[in-house]
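J.: I am attaching a structure below and will ask some questions about it afterwards.
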There are 2 protein chains.
Amino acid sequence: MQVTKVALVGMGTVGAGVARLLIDHGDRTGRHAGRILWVEEVVVADPKKARDYALPKTVTLSDDLSRITNNPEIKIVAHLVGGLEPARTIMLKLLESGKDVVTANKALLAEHGPEIFDRARELGRAIAFDAAVAGGIPIITNISQCFSANQILSLRGILNGTSNFIVSQMDEQGETYAEALKEAQQRGYAEADPTMDVSGADAAQKLAILAHLAFGAQVHWNDIPRVGIDTLDAADLHYARELNYRIKLIAVAKLRDSGLELHVTPNLVKIGTPLAEVRLAYNAISVVGDAVGSIFFHGLGAGQMPTASAVVADMIDMAVGRTPITFRTVELWSKSEARVQQCDHSALPSRFYIRLTVEDRPGVLAEVTGVLGKHQISIASVIQHEPSEEDGGQSIVPLVIMTAQATEGATQKAMAEIGKLTSVRPNAVRMRVLD
Amino acid sequence: MQVTKVALVGMGTVGAGVARLLIDHGDRTGRHAGRILWVEEVVVADPKKARDYALPKTVTLSDDLSRITNNPEIKIVAHLVGGLEPARTIMLKLLESGKDVVTANKALLAEHGPEIFDRARELGRAIAFDAAVAGGIPIITNISQCFSANQILSLRGILNGTSNFIVSQMDEQGETYAEALKEAQQRGYAEADPTMDVSGADAAQKLAILAHLAFGAQVHWNDIPRVGIDTLDAADLHYARELNYRIKLIAVAKLRDSGLELHVTPNLVKIGTPLAEVRLAYNAISVVGDAVGSIFFHGLGAGQMPTASAVVADMIDMAVGRTPITFRTVELWSKSEARVQQCDHSALPSRFYIRLTVEDRPGVLAEVTGVLGKHQISIASVIQHEPSEEDGGQSIVPLVIMTAQATEGATQKAMAEIGKLTSVRPNAVRMRVLD
């Protein structure tokens, strides 16, 4: 059987999984690629570090990237280095030495996609990155290949497993945010510094990549409006459930007449709908195409073997020649103009969930609803329970309002104004309700 | 922009959708294929018949297949002819005249796959068929490409939208089988003769194709044990719900030590699990791979535009060269030996739902459970309601039993023996409970 020599840069959790699949399960690769993907070199920062997978003696483990870049027999490299540097420099060196590259580094693509993809095109090389978004769910291949006859109308996804795990634990186990975060860290779902995950930044990076593929948008991930789950209060999970919703961190890209709607925010999602039922560290994506209709994907968005599964599938596609074709025909991050512009966030319509803490005395509800009315915001429903707390001798009550369709801008302005009412305490909450 | 000339054979519902996507939305094809797919010829049995889509004057509509086979400029043909003949002959003529072919005809592949694929290989041609299984859900591409690093462990799917629609209507609207079938026919989900759909034969054909792709099985669809939904009684939907299950027609392919488990049968599926929540004419497939874990797909499994979406994606893949690579590397229906054999159906373990109508007198439950015990079948739970009917002066009651794990063979034998008890009426029901 034909042999294609490959190499790995980086052998952390995912790298060890990739090595295991290529080396221990070479028969699969043989069956699907019609050739063996032979691991020739593994390059890591510290070759002495203990690894999750014991490489056979046929593989050289070193910290010397030139063993790959100077070896013309190595055709394909799995680039499994996180962060921006030295990941970017390594990526460029690999391309410049004639390698096709498979990567799982979404931050690198979201930050330096245009530079890296342009360089790959100049050099006649290809890059594959299905592992960079939603781990084991092959959403990149499905969007760039399987739905190519469609105008994609919308993407809605749970793209950050860490956040979803934390919210699930808060919702189902009654844990506080701090407890759920700690459990996520103990299980290896969350980093010591969880900021990228819980702030929505990680999901925004993935959304920027998907929006580029599906809509031809060229939006920097940091320009996508985002709210994380790090300020989520267990009380809102409780009230949401009372209204028959769960709260999920949802990434949305939706084509509107005015442009592309893009945001990552906690949303109330109706119980019983597919996205509401995504639990623990799972990811899910709902794609609507004008021909195919609604297609829903659910699977593990991270973890060693799901991510390795995506990396090795990309390596096989690269070896047999499918990825180079896709890379040439789909003009990724090219210098051509964006096909769609991000639309004005403040004009976006949605239903909203609003929770206020108000003084329990006559006239307060009228004051609050008066402000909403002034901003043309209709109320769909209100929950007001018995007073349960006191604050400075004044008994206070939670007031939960579901609005009819209103705009981001109008609700923001109304909230600012409501915040100034003397009868309203300063911990107001406003969240989108998913259509 | 480069032009690839294509043709359509057949222009029924799906063909009209394909023509619409290629002709009215050529910009999409341009964007994803880097070329125009130019529709040169459409060949149909009766060119005078009214069509769902008005072809522009640039396209020749005829009943003359030689206009395609004699035109060497036409490279790719969408073969959208149903049934076995003349579909098979047309397929072979297209291949022999040098065309690559995209088809949605699952019956043709399930029946004549080996002959057709061998002929294509001999001739150096390629066939794509993602539209043949699960319509808009790109399950063929996902299994043969995206999960190629995995040993697939199991596939479980709702592959027949007609059956799912009928069962959903019976379950949710309280309709009888006959009423729900009539509604499915009125909505265009079911044929005048619905046998292929409601007998499980259509799902078995799709399962045979998936089992071939995912496991290397070479099982004729008619050798897959199947039970349809045409004998489903509304009472069982009711009892299932009482036990927190729904009933769904489920196609299963699962790797076991003894071989490949294959069957299409109505199953009790736990409420809240993804397959239980698939409603109306939707399809869904749950794939478990040893690396990727469990991946769930949900979408429209039939209909004009979802199926056309899959056909046009295949035409684009063919035009850019991806499909020919897949076709060469994945040895579809080759003469090589099957990688796995179908395992002994009677030895397959499952939990079972059993419903009997028994006489309401002391000792009957003991008789029935005695027979089950003799066959080593443990009982997990029993529902027995108040007697509600009389039969020949004897009041009779429904007796619903959920077994623990037992084999097909043992439960079949036990049911035959139970059927001989004088206290048991002859309408016994036995269904698998999905794990």
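Cβ atoms here come from the backbone N, Cα and C positions, even for glycine.
All annotation found in TrEMBL is predicted automatically rather than curated by experts.
Annotation comment: TrEMBL describes A:LYS206 as active site, proton donor. According to TrEMBL, the NADP(+) binding site annotation covers A:VAL9, A:GLY10, A:MET11, A:GLY12, A:THR13, A:VAL14, A:GLY15, A:ALA16. Residues annotated as NADPH binding site in TrEMBL: A:LYS106. The L-homoserine binding site annotation in TrEMBL covers A:GLU191. Sequence annotations record features per position, and here TrEMBL assigns domain 'ACT' to A:353-432.
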J.: Checking your reading of the structure: which of the binding-site residues A:GLY15, A:ALA16, A:LYS106, A:GLU191 lie inside a 10 Å Cα sphere centred on A:LYS206 (active site, proton donor)?
T.: A:LYS106
J.: Around the NADP(+) site recorded as A:VAL9, A:GLY10, A:MET11, A:GLY12, A:THR13, A:VAL14, A:GLY15, A:ALA16, what other same-chain residues have a C-beta within 8 angstroms of the site's C-beta center?
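T.: So the additional residues around the site are A:LEU8, A:GLY17, A:VAL18, A:ALA19, A:VAL44, A:LEU80.
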J.: According to DSSP, folded down to helix, strand and coil, what is the residue listed as 'L-homoserine binding site'?
T.: coil
J.: Three-state secondary structure of the residue listed as 'active site, proton donor' from DSSP?
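T.: Assignment for the residue listed as 'active site, proton donor' reads helix.
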J.: Counting each residue once, how many in the domain 'ACT' (A:353-432) are helix, strand and coil under DSSP?
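T.: Going through the domain 'ACT' (A:353-432) residue by residue, I get 23 helix, 33 strand, 24 coil.
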J.: On the 0 to 100 scale, where does the mean pLDDT of the domain 'ACT' (A:353-432) fall?
T.: 92
J.: Select one residue from A:LYS106, A:LYS206: among these recorded positions, choose the one with the most other Cβ atoms within 10 Å of its Cβ.
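T.: The residue with the densest Cβ neighbourhood is A:LYS206.
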J.: Return the residues near A:GLU191 (L-homoserine binding site) by Cβ distance under 8 Å, restricted to its own chain and a separation of at least 6 in sequence.
T.: A:GLN185, A:ASP197
J.: Whole-number Å distance between the CA of A:GLY15 (NADP(+) binding site) and the CA of A:LYS106 (NADPH binding site)?
T.: 15
J.: Count the Cβ atoms, other than its own, that fall within 10 Å of the Cβ of A:GLY12 (NADP(+) binding site), considering every protein chain shown.
T.: 16
J.: Please report the Cα separation of A:ALA16 (NADP(+) binding site) and the residue listed as 'NADPH binding site' in Å, rounded to an integer.
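T.: A Cα-Cα distance of 19 Å.
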J.: When neighbour density is defined as the number of other C-beta atoms within 10 angstroms of a residue's C-beta, which of the binding-site residues A:GLY10, A:THR13 has the lowest density?
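T.: Among the binding-site residues A:GLY10, A:THR13, the sparsest Cβ neighbourhood within 10 Å belongs to A:THR13.
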J.: If one measures from the C-alpha of A:THR13 (NADP(+) binding site) to the C-alpha of A:LYS106 (NADPH binding site), what distance in angstrom results, rounded to a whole number?
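T.: That separation, Cα to Cα, works out to 16 Å.
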J.: Can you tell me the CA-to-CA distance separating A:MET11 (NADP(+) binding site) and A:LYS106 (NADPH binding site), as a whole number of Å?
T.: 17
J.: Please compare the binding-site residues A:VAL9, A:MET11, A:VAL14, A:ALA16 by how many other CB atoms fall within 10 Å of each one's CB, and tell me which has the fewest.
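T.: Among the binding-site residues A:VAL9, A:MET11, A:VAL14, A:ALA16, the sparsest Cβ neighbourhood within 10 Å belongs to A:ALA16.
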